[in-house]
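J.: Here it is: the structure, laid out below.
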2 protein chains.
Amino acid sequence: MENVLGLRCLHCGKEYPAKAGIFTCEVCGQKAGILDVEYDYGKIKRSTSRESLARVKDPSIFRYLPFLPIRPETPRPHLRVGGSPLYRPPGLGRALGLGKLYVKDDGQNPTASLKDRASVIAVIKAVEEKATTVACSSTGNAASSLAGSAAAMGIPSYIFVPARAPQGKIAQLLVFGAHVISVQGNYEDTFRLSSQAIERWGWYNRNAAVNPYLVEGKKTVALEIAEQLNWQVPDWVVLSVGDGCTIAGVWKGFRDLYNVGWIDRLPKLAGIQSTGCSPLADAFLENRPWQPAEENTLADSIAVGVPRNPDKALRAVRESGGTMAAVSDGEILAAMRLLGATAGVFGEPAGVTGVAGLKRLSAAGVIKEEDTVVAIVTGNGLKDVKNAIAAVGEPLKVEPSLEALIPKLAKEGWR
Amino acid sequence: MENVLGLRCLHCGKEYPAKAGIFTCEVCGQKAGILDVEYDYGKIKRSTSRESLARVKDPSIFRYLPFLPIRPETPRPHLRVGGSPLYRPPGLGRALGLGKLYVKDDGQNPTASLKDRASVIAVIKAVEEKATTVACSSTGNAASSLAGSAAAMGIPSYIFVPARAPQGKIAQLLVFGAHVISVQGNYEDTFRLSSQAIERWGWYNRNAAVNPYLVEGKKTVALEIAEQLNWQVPDWVVLSVGDGCTIAGVWKGFRDLYNVGWIDRLPKLAGIQSTGCSPLADAFLENRPWQPAEENTLADSIAVGVPRNPDKALRAVRESGGTMAAVSDGEILAAMRLLGATAGVFGEPAGVTGVAGLKRLSAAGVIKEEDTVVAIVTGNGLKDVKNAIAAVGEPLKVEPSLEALIPKLAKEGWR
């Protein structure tokens, strides 16, 4: 927090102090997108270096405290958020025709998704702003992550989920002791009701589309990638896009590092959506303003027909010189199998959508064999076993005798 | 591997070289339990220290390479196995009346259970022994962890599951590309067929009841706990017990550290079973030999009526001066809610059974307020959503309007 200069509207440039209750621009309004947290990069550079960071033992996102909009002395949930592994799975690289492919498995977070990075910041900001209750609306992962962080911090959470949210995610919320409100409508209905409730009862607002601090948590995935690659910036970072907040966060992270001179260039971002719900990819590819879309994809975490952070997302992709793509649900399920079988990583549909897009972009020659590529897996497949079952076939059924098994395995070469 | 002296039978003391294919004592037979890996502790002490360990960057179990029965040069799966967080959740401590309570969340492993620690060793040993295929019979965490590690290593896995295995667990295996063989019979049929197939085709055997190297992977959870506590040994380590291999591994880990002089005392172990299947707890508490038991508990990962490692488990508890307890399924589900709501940790039923037992032992005064206690959560609750739902009930359903919500929240004090 000591390095935060204030907030600035990305549209009109108006500046605001980083104070309680200020989330959106009073001139441009909420629809124009949230404010951006600005830092004194010179101050960060004077107090911190890549070398001093290397001596920090804490593997969690709080190792990047100088880049976070929180006070050092504020109590934090005890959960280990971030510090997720960056793998280099050779089998997946071969399958995708990529020589330098890394996978960032953010399904290995406390509540099994990247959203923990944002939610833990929300809970800390809530404490700083003396709020006693936190709330959000979410298709699932933001919700479970907020519930988990709030439980660890010992403060109540109210979570609004659309009726279609998978059972695993609901169970997680309830185990964390959250007050769960299942809104009998779509994500848009859910978001609206949560906003009304938050305003009426004065709860701390964790909606990523409104709260400017959450993207600051999400950006830590980029800080980690850079540090794990020993400050060698990848050519491409590929990930799924729903609301647009996560890809905006990734961009913010790399820009932060560039601004303090810890990296000497920026990666290209590839934002992947499902063809069943691709308002941002369509807008990008057709070079036109985005339009609301249907939500017809099994990748529930990115089934967002009315994205809340479209401008930050599109700006991130464009500024990076990157691209977007939309892949079918069939390609998403195939990516789930490919990632599992070649890397031993089980991602949820939205979590593997980046890998599906990477396959497409590699085949199209947009991403090249010699490029260094990081695919971010944003959530764990255990959150959505129903769709995993859809992705895989049936096991081999056999009577309990070796005589019955032998002919069945003969075709696989076992005799 | 360079520090391994050999294998020794715990019953007759017969020694064997640590060579391919030697798993059980030829004198005492398989039923008497598996062999124990012996180390040259003097050699470990000369090459390694707590200080040198502190400089190792790798957070995974391979930071403890001098204590592992693998060769340093053997290729390893890229997965980050181990390095799971140790939390000190104040709310849970208060709820249990314990002043110094820690939770080791081993649900944060690549396939979301402690079993990854064993399976990754199995895959490495398979490579060392020039096996090209790994196999086991299981429906649970051993299976998914073996499938995940094998996928990451790029070697095929054959997993034998009984016909009744739940679809969700089969899906996880298939996502990892395992060859899943659904044996149309019961678990005993499945285990027998897997043994026959393993023998016929020379696959590497990951059945934990047979392979002596797996417990060496499991012991790393104890090494981590000690290091995370800065080599201050807790008074108690509490965890669930099924087959008995995990608690035997925990004991082996602490004894290893004691033998090299890195810790100056040993913790007491508390092994917890479900009253629906408590052959070892009953034997311990009634001071008699164990007898086969029914398997009537929802904690499926510890529903083991005929434990395969009873002697190592009971010896561990007795040598430590610890105790055992059995808790009801109701206490297990209550512990799931308590752990989730006060610590933000979501454990599967067997994963939280230790916490349930801790509550019982704290209330009984066996474990005292001033004791330093570590409860190990062995698996993630997302693996068993059905039972989580049984633990927590349903969310509040509401139509998408504030008018519909207000009366529903009035009873919680929001007006």
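Yeah, the Cβs are placed from backbone N, Cα and C, and that goes for glycine too.
Residues annotated as domain 'Tryptophan synthase beta chain-like PALP' in TrEMBL: A:80-379. Among the features that TrEMBL reports, N6-(pyridoxal phosphate)lysine is placed at A:LYS115. If you look up TrEMBL, you'll see A:ASN141, A:THR378 marked as pyridoxal 5'-phosphate binding site.
Let's see these features in context: how buried, what's close, how far.
T.: The Cβ of A:LYS115 (N6-(pyridoxal phosphate)lysine) lies under 8 Å from the Cβ of A:ASN109, A:SER138, A:ASN141, A:ALA142, A:SER144, A:SER145, A:LEU146, A:THR378, A:GLY379, each of these being in the same chain and 6 or more residues away along the sequence.
A helical conformation is recorded for A:ASN141 (pyridoxal 5'-phosphate binding site) in the three-state DSSP classification. Its Cβ placed at the centre, A:ASN141 (pyridoxal 5'-phosphate binding site) has 31 other Cβ atoms within 10 Å.
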J.: Which ones, of the recorded positions A:LYS115, A:ASN141, A:THR378, are Cβ-proximal to chain B (under 8 Å)?
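T.: In terms of proximity to chain B, the recorded positions that count are none, since no Cβ is under 8 Å.
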J.: The domain 'Tryptophan synthase beta chain-like PALP' (A:80-379): mean pLDDT?
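T.: Its mean pLDDT is 95.
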J.: Would you mind checking how many other C-beta atoms are within 10 angstroms of the C-beta on A:THR378 (pyridoxal 5'-phosphate binding site)?
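T.: The answer is 28 other Cβ atoms.
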J.: Helix, strand or coil at A:LYS115 (N6-(pyridoxal phosphate)lysine), per DSSP?
T.: coil
